[in-house]
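Read the structure below first, then the notes.
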There are 2 protein chains.
Amino acid sequence: MTWVESAAGSRYGVDNLPYGVYSTEDNAVPRVGVRIGDEILDLRRIVEMGTCADCPTCSALRAPVLNPFMALGRQVWSTVRAQVQGLLTNEDLAHQVRPLLTPVAAATMHMPFLVGDYVDFYSSEHHAVNLGRLFRPDSEPLFPNWKHLPVGYHGRGGTVVPSGTPVTRPKGQRKAPDGTVQFGPSARLDIEAEVGFVVGVPSRLGTPVSVDDFREHVFGVVLVNDWSARDIQAWEYVPLGPFLGKSFTTSISHWVTPLDALDDAEITAPEQDPEVLPYLSEKDRYGYDLRMSVKWNGTEVSRPPFADMYWTPAQQLAHMTVNGASVRTGDLYASGTVSGPQPHQRGSFIELTWGGKEPIALGDGETRTFLEDGDIIELNATAMGVNGELIALGEVTGTIYAAD
Amino acid sequence: MTWVESAAGSRYGVDNLPYGVYSTEDNAVPRVGVRIGDEILDLRRIVEMGTCADCPTCSALRAPVLNPFMALGRQVWSTVRAQVQGLLTNEDLAHQVRPLLTPVAAATMHMPFLVGDYVDFYSSEHHAVNLGRLFRPDSEPLFPNWKHLPVGYHGRGGTVVPSGTPVTRPKGQRKAPDGTVQFGPSARLDIEAEVGFVVGVPSRLGTPVSVDDFREHVFGVVLVNDWSARDIQAWEYVPLGPFLGKSFTTSISHWVTPLDALDDAEITAPEQDPEVLPYLSEKDRYGYDLRMSVKWNGTEVSRPPFADMYWTPAQQLAHMTVNGASVRTGDLYASGTVSGPQPHQRGSFIELTWGGKEPIALGDGETRTFLEDGDIIELNATAMGVNGELIALGEVTGTIYAAD
């Protein structure tokens, strides 16, 4: 039980403790903090108040991004988490630690880590089937490879931005129904509600990461909104995949939830048929029971269930490296759109509106198919924490700005 | 005319002067150097010997990678180039500068820059037509979008390595002719001979880079070997594009040739029909007349002509950013396989051997379709320099190692 009053019932209790990078009006230096309730604990200040001259952990926690800390590995992550939990639960330390708390409302949040490579998977069977039915109504909805490997592709790491960054409607080419090639602002701007995994410990070029080593490499979880311009994507993506339809902006949460906070959110992942190849086979096959929510101008339009994902993050990491490709600290790989079996569990608007044919009712009699300028999207998620209370993942918000 | 004797007739004269990062046995610190003849001029040492305390240029040239220098922009690039040319041509300075030269043979070369995002285009019409004929013999070889936009996709920045790095044969999934899904070392390991463009000056998120601003953003050119596992690629790439078939390793030259060295290699790029959209339209439409060479175990098997590329690097940059995506210092974008109209001008083995059906004769009666363990590939290129002498681009070599 923490002595931080704002943590009571907040879903950001001592069992959560996500990491972020923030600055304040009186101290413009971006620094690492941990969220507790409605406040942020300044880890850099904690380190500076200590007597440690320059151990790797204290050095890492002085950095303006999480990367150096994330590179140190699971043992350090667990130790620091336990130390922070100690500071925040020991009443005797409250008078010392309280001055190191800043209200979230008074902080400017920054990118929590420098993104290396960004990979986007496509691991929800419901999503893949829905898109197959929409785009290729006369064929099998899933391509033959889909159940043999977690299909994925590289996105643009340089345009991954923190929650709240304005999303400018992209311009681009599209093919009109009459066959002409047109240019202009995307008319089918969409979201993809996803969960992202952040690599802490790098791997060596030429050495695959086993499915069993997922927790040794992955530091934590962010929510991801992989904004997608469906008209640009549809015209460009053959044969090399999505490019400008995705690369304009990808938004992530300010907060990185450490895997340790999600121990009790682990659930057995769906059975796989056909059987997968040995490098993808898991003795203990688990996913995470994250309950996601998509709000469109304040109206909740979807509740995607991450528990239903066909491919697990451990399988995605093993697949991504089986050819010898290395991962680096700060690499981000996202799950792909999270869609459940029910219509109200779909994680993109192209699915929710069935290709734009079934508008969604928002508040005040408004309806939508794709995003309009000024629209605000908010992704959230909760999970069961280790003490039986719900914890929140960091939210991802974005407002659509008109193309210039 | 330079006083450096090894520059005479070397294709690395004072009109070339590519940049690289190297270290030596007596000084293990990676530092920026410029190649002249068979030697490297230590730019860091030049800066340290100067009286400048801390101007941006001198600070940048102290870094262990080219990124800070590349970020400074065209005016600085041109000034430094002129200064280096001065040092290397003024006989009176020879006795002072000579001690700052290291033989290339005595240097260990490093990655010349930290790679941000890596994008691979597909801009040779001959290559795209060849692959279309090989993979889809009953359809039009080019997809409908190909002449409207430079098709491209994101590759893996974290596995871009410098020339000479061993290339371990990747393992992965492939579909056997009998329809079963198999796993093992790639049996169709190939090359792609490409030219890469290195971004120096970043752009702002939301602001496209015009075709006219190519030279303000792009610092220089590297040669690229985009190693490709055709069997892995063929099975995985629908519908999101190439992933593990490419991401295991991409090799680049040690040397980055500044655009200023290629002024006289500019040629008018091929006419485009149909007319392109305004954002891709160039008043002065130029490419580069780079003559490439591919050697397989010492035998030259191809001479790809970069002059024939349908899409220019300025168009590629404009397209990559038209949706508002930003570029960062160190971003690398490659041309795609360079193939000319003639059979001996094809830049990949799948084209040269027509899908593996027409083996290539190497020396000593050996033949090849795809790469075998122990094979050595060497890419080179020359261009017309500004004084009417040929200059060389940095070579890219790689040796295939057996899968573990």
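Numbers here mean position along the shown chain, with the first residue as 1.
Keep in mind that glycine also has a Cβ here, set from the backbone N, Cα and C atoms.
What TrEMBL records for this protein:
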ACT_SITE  A:H127  active site, proton acceptor
BINDING   A:D120, A:E192, A:E194, A:D226  Ca(2+) binding site
BINDING   A:Y122, A:R136, A:Q233, A:Y237, A:T337  substrate binding site
BINDING   A:D226, A:K246, A:T250  Mg(2+) binding site
DOMAIN    A:16-112  domain 'Fumarylacetoacetase N-terminal'
DOMAIN    A:120-385  domain 'Fumarylacetoacetase-like C-terminal'
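Structure with TrEMBL features highlighted.
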residue: A:D120; record: Ca(2+) binding site; Cβ contacts under 8 Å, 6 or more apart: A:G152, A:Y153, A:H154, A:G155, A:E194, A:D226, A:K246, A:Y333, A:A334, A:G336
residue: A:Y122; record: substrate binding site; Cβ contacts under 8 Å, 6 or more apart: A:A128, A:W146, A:P150, A:V151, A:G152, A:G336, A:T337
residue: A:H127; record: active site, proton acceptor; Cβ contacts under 8 Å, 6 or more apart: A:G336, A:T337, A:V338, A:S339, A:R346, A:G347, A:S348, A:E351
residue: A:E192; record: Ca(2+) binding site; Cβ contacts under 8 Å, 6 or more apart: A:V224, A:N225, A:D226, A:W227, A:S228, A:G336, A:T337, A:G347, A:S348
residue: A:Q233; record: substrate binding site; Cβ contacts under 8 Å, 6 or more apart: A:P242, A:L244, A:G245, A:K246
residue: A:Y237; record: substrate binding site; Cβ contacts under 8 Å, 6 or more apart: A:F243, A:G245
residue: A:T250; record: Mg(2+) binding site; Cβ contacts under 8 Å, 6 or more apart: A:Y118, A:G155, A:R156, A:T159, A:V160, A:V161, A:V224, A:N225, A:D226, A:W227, A:A334
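In sequence order, A:G155, A:A193, A:V224, A:N225, A:S228, A:K246, A:T250, A:A334, A:S335, A:G336, A:T337 are the same-chain residues whose CB sits within 8 A of the CB centroid of A:D120, A:E192, A:E194, A:D226, the residues recorded for Ca(2+) being left out. Contact with chain B, taken as any Cβ pair under 8 Å, is found for the binding-site residues A:Y237 out of A:R136, A:E192, A:E194, A:Y237, A:T337. DSSP assigns A:T250 (Mg(2+) binding site) to a strand. In terms of DSSP secondary structure, the domain 'Fumarylacetoacetase N-terminal' (A:16-112) contains 45 helix, 26 strand, 26 coil. Across all of the domain 'Fumarylacetoacetase N-terminal' (A:16-112), the predicted model scores a mean pLDDT of 96. In this chain, no residue six or more apart from A:R136 (substrate binding site) has a CB-CB distance below 8 Å. Following the DSSP three-state reduction, the secondary structure of A:E194 (Ca(2+) binding site) is strand.
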